[in-house]
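So the structure is just underneath, and the comments pick up after that.
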Amino acid sequence: MEGTGEMREVGRETLHGGVVQSGSETDEHKGKTIDSEKDGQFRVQPRWRKFLAHVGPGALVAIGFLDPSNLETDMQAGADFKYELLWVILVGMVFALLIQTLAANLGVKTGRHLAELCREEYPRYVNIFLWIIAELAVISDDIPEVLGTAFAFNILLKIPVWAGVILTVFSTLLLLGVQRFGARKLEFIIAAFMFTMAACFFGELSYLRPSAGEVVKGMFVPSLQGKGAAANAIALFGAIITPYNLFLHSALVLSRKTPRSDKSIRAACRYFLIECSLAFIVAFLINVSVVVVAGSICNANNLSPADANTCGDLTLQSTPLLLRNVLGRSSSVVYAVALLASGQSTTISCTFAGQVIMQGFLDMKMKNWVRNLITRVIAIAPSLIVSIVSGPSGAGKLIILSSMILSFELPFALIPLLKFCNSSKKVGPLKESIYTVVIAWILSFALIVVNTYFLVWTYVDWLVHNNLPKYANGLISVVVFALMAAYLVAVVYLTFRKDTVATYVPVPERAQAQAEAGGAPAVDASAADEDQPAPYRKDLADASISAVN
């Protein structure tokens, strides 16, 4: 940091460019005038209307918890360990709600999303590293969407999985084209398909009538029996908590016009918490139902040899087995349509998250179809190779592997988020509760320890049982331990590095900056608690995925 004046200028940039920093001065002045009119309307609205104005971001983030990777890991957990890993879903959802709420709060309190704050705070080489990790997270999450869509095409059209993988390119471009007729209507249709699938699993659950005692025990008594359980638990955690969702959520909230007094900001944070909680409860119940259905059917005493063989290697392709009791012969078609909708709905989130990450870290944007095509082509490469070489079984394992990769990438988005939320240089007096911060840091540290332990355990087990020559094992060991050391060094650097760039601007200075820019009139210190025009982000409000007030 070179000076206090320079730091304040960083904070004022957003205020002087209240609509979009790249817009013209005329557009900025018009945007501020509109914002001032909105502020007066906001203060007199009833609470239920204020709440409805904040609905949307949490629901769009929660859709990511119902994508093909979640379905695959849920089914594998149920088939292999019955109800034993339900506690992982519970802990994962609570943790996800906590950190997604922090991400939303960060956007509301600063007027910037997480990627933009990272660009301002860290040196360029660190930003490039974080950008690459974030892009890998988007690609890792897109692999299950590719394979899920391919499985849906396999079931509907009776084509090989590898051919379905190729078709995902055209299906995604078609989806982005259909969005021109109304993104909100399209998202509603997709959500309807997904809730149809949820209704199917709930119906199957009522038919099976699993033991409530066993379900409760699995949900509240932690247990990990063997390496397979640990791997599946990490995959479950990675499928629930995805790094790109932190960037996405902190950006989505900026499409809402929140007045800038401390009181209004805290109220907006409460509304986003309520909205996010409701969406996450629905997602949690659906994930639990999938695990319980798979666990009940695949661990039944009267399971036929054919069904036992299917359960031994359960994939998205064989899931209709779990819904036969409710849907009968139509189970395949209904499930395939819902799976197709699940994969495509998450594609929308991945595309916009990729835009947010690129704009935030690199200050550049692409057209949606170009951005999506690049991400999809990169994700198709490993999906196509695995589906050709190993078939549906290998594709299913690739989905779980991609979820594990997301879990390992999470600290590089999570640690900056936790630090910024509790930094007076970023949020001023609006820092999070000390209890919230401590809990979040404890859970994050536990996740990092588990990930590191699993890496070491997996490698040592492989080293003991492989048949490679000693010199090959030695060379591989050097590479592996170098990567592990780099991983830990990066985590330690992000954890203990002090913030140096201040972006928070107090309300009186904010009002003075707006007056100097030709916006709202200046106010004195006694009026500091009055609502000031919001740092409204028209670039995010105009994005196809964002909701309209």
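Using N, Cα and C of the backbone, Cβ positions are placed for all residues, glycine too.
In TrEMBL, annotation is done automatically, which means it is predicted and not curated.
Per TrEMBL, the feature compositional bias 'Basic and acidic residues' maps to 1-15 (among others).
Annotated region 'Disordered' per TrEMBL: 1-37 (among others), in sequence order.
Annotation comment: TrEMBL describes 26-37 (among others) as compositional bias 'Basic and acidic residues'.
The transmembrane segment annotation in TrEMBL covers 48-66 (among others).
Annotation source TrEMBL lists transmembrane segment at 86-108 (among others).
The transmembrane segment annotation in TrEMBL covers 128-153 (among others). Listed as Cβ neighbours of the transmembrane segment (128-153) (distance under 8 Å, sequence separation of 6 or more from its ends, same chain) are residues 64, 67-69, 71-72, 115, 118, 122, 159, 161-165, 167-168, 171, 242-244, 247, 315-317, 336-337, 339-340, 342-344, 346-347, 350, 353-354, 357-358, 361-362, 375-376, 378-380, 382-383, 387, 392, 395-396, 398-399, 402-403, 405-406, 409, 412-413, 416, 490.
What TrEMBL lists as transmembrane segment is 159-176 (among others).
Among the features that TrEMBL reports, transmembrane segment is placed at 188-208 (among others).
Residues or ranges marked as transmembrane segment in TrEMBL: 228-248 (among others). Among residues of the same chain six or more beyond the transmembrane segment (228-248), those with a C-beta under 8 A of the stretch's C-beta atoms are 60-61, 64-65, 67, 69-70, 72-74, 76-77, 80-81, 84-85, 88-89, 91-93, 95-96, 99-100, 103, 113-115, 133-134, 137-138, 141, 287, 349-350, 352-354, 356-357, 360, 400-401, 403-410, 412-414, 417, 447, 450-451, 454, 457-458.
The annotation transmembrane segment is assigned in TrEMBL to 269-297 (among others).
Marked as transmembrane segment by TrEMBL: 333-353 (among others).
Long-range Cβ contacts of the transmembrane segment (373-392) within its own chain (Cβ-Cβ under 8 Å, at least 6 residues beyond either end) map to 138-139, 142-143, 145-147, 150-151, 154, 160-162, 165-166, 168-169, 172-173, 315, 317-318, 347, 350-351, 354, 366, 398. Taken from TrEMBL, the feature transmembrane segment covers 373-392 (among others).
Positions annotated as transmembrane segment by TrEMBL: 398-421 (among others). Remote same-chain partners of the transmembrane segment (398-421), defined as residues 6 or more beyond its termini with a Cβ less than 8 Å from a stretch Cβ, comprise 68-69, 72-73, 76, 99, 102-103, 105-106, 110, 114, 117-118, 121-122, 130, 133-134, 136-137, 140-141, 143-144, 147-148, 231-232, 234-239, 241-244, 246-247, 250, 316, 382-383, 386, 427, 431-432, 437, 440-441, 444, 447-448, 451, 455, 487, 490-491, 494-495, 499.
Sequence-distant neighbours of the transmembrane segment (433-455) (same chain, 6+ residues past either end, Cβ-Cβ under 8 Å): 91, 95, 98-99, 102, 230-231, 234, 237, 407-408, 410-411, 414-415, 418, 421-422, 484, 487-488, 491. For 433-455 (among others), the entry in TrEMBL reads transmembrane segment.
Under the heading transmembrane segment, TrEMBL lists 475-496 (among others). Cβ atoms under 8 Å from those of the transmembrane segment (475-496) belong to residues 126, 129, 408, 411-412, 415-416, 419, 448, 452, 455-456, 459, 463, 468 of the same chain, restricted to positions at least 6 beyond its ends.
For 515-526, the entry in TrEMBL reads compositional bias 'Low complexity'.
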Point to revise | Spatial neighbours of the transmembrane segment (269-297) far in sequence, C-beta under 8 Å, 6+ residues away | key: 50-51, 53-59, 61-62, 65-66, 70-71, 74-79, 81-83, 85-86, 89-90, 93, 96-97, 100-101, 104-105, 108-109, 198, 201-202, 204-205, 208, 210, 215, 219, 240, 253, 303, 307, 311, 314, 321-322
Check your understanding: Apart from its near flanks, which chain residues at least 6 from the ends of the transmembrane segment (86-108) lie with a Cβ under 8 angstroms of it?
Key -> 57-58, 61, 65, 74, 77, 114, 117, 215, 218-223, 233, 236-237, 240-241, 245-247, 249-254, 258, 265, 268-269, 272-273, 276-277, 280, 283-284, 287-288, 291-292, 414, 417-418, 420-421, 426-427, 432, 436, 439-440, 443, 447
